[in-house]
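Feature list (source: Swiss-Prot):
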{"type": "COMPBIAS", "residues": "230-247", "note": "compositional bias 'Low complexity'"}
{"type": "DOMAIN", "residues": "72-106", "note": "domain 'SAP'"}
{"type": "REGION", "residues": "166-202", "note": "region 'Disordered'"}
{"type": "REGION", "residues": "221-253", "note": "region 'Disordered'"}
{"type": "TRANSMEM", "residues": "255-272", "note": "transmembrane segment"}
Amino acid sequence: MSLRRAKSLPSLKNIAEVAKPITKAPPLPLLAFEGPGLSTCRWYPTTVRTVHNTPSKAQTTLLSTAKKESAFSAMNLKALRNECRSRGLQVSGRKSDLIERIVDFELKGPLGRRGTRRAFHSPGTSSASVCRPVDKVTMPDIALTERAVQQPEKNYILRIPSLSREAASHPVTKSEKDLAQGADEDADPTSEEGRVLTPDSDLHIESPVVINKIEIINEDDYLQDDSRQSSDSQGGSQQDSDGTGQQNFSPRDRRFFAGLTAAVGLWWYFGNKSAKRRMRK
């Protein structure tokens, strides 16, 4: 028998599939949301199978970072800084430092974190993790805000009482009460005839005035008293006239009139002398 050609021989891939068939991994389950919205979610543990097409003469990219370093080394410094900024890494440093940070971040990516997280749990148990929703954005109620602005504030710091005419008549403080009590004690309730004073000045009670007065008068005593009063009145009027005559001129007026009379007397005296001298001549 002649040997078959190499092309007719089954490939190594077919041999491997026959020896160990490839089992397809089940699809990833969807998130099971519980409650209103995205409040809680559960992650079910599943096995993840990844297929890599690696050349026979090249090393796998999972164990070496040469391919990634070559991809980032082709970038300039500005692009590397943008990559670090997008990943939340430190931006300062040289180009080699930036490449190392990015490569370390890629190696510690979500696959590594997911594998370390699932290693602590058994495949039969389920771990529940709380998923925080996106920040809620609430629009303010403009109508309610305008209504609140238009209404006056109810909690005032200082309460101003309303104006009233009775505010001054009612004493409130201790000093006002003391003054009102002192004024009531000093006031004579019989100061006005025919009126009874009360603490409230607006209210007064008028008493009847005594019109008919009954008196017993002695005629002799009445005449003597009348004559005595007339004589006293005449004497008083004379004294008043003398006093008023003396008191009509003030001391200044008296000096003025005295000086005037003295000047007139001197003028008359010297005028007569000059006239006599002329007569003699």
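Glycine too: its Cβ is placed from the backbone N, Cα and C atoms.
Away from its own ends, the transmembrane segment (255-272) comes close to residues 249 of its chain (Cβ-Cβ under 8 Å, at least six residues beyond either end). DSSP states for the domain 'SAP' (72-106), grouped as helix (H, G, I), strand (E, B) and coil, give 25 helix, 0 strand, 10 coil.
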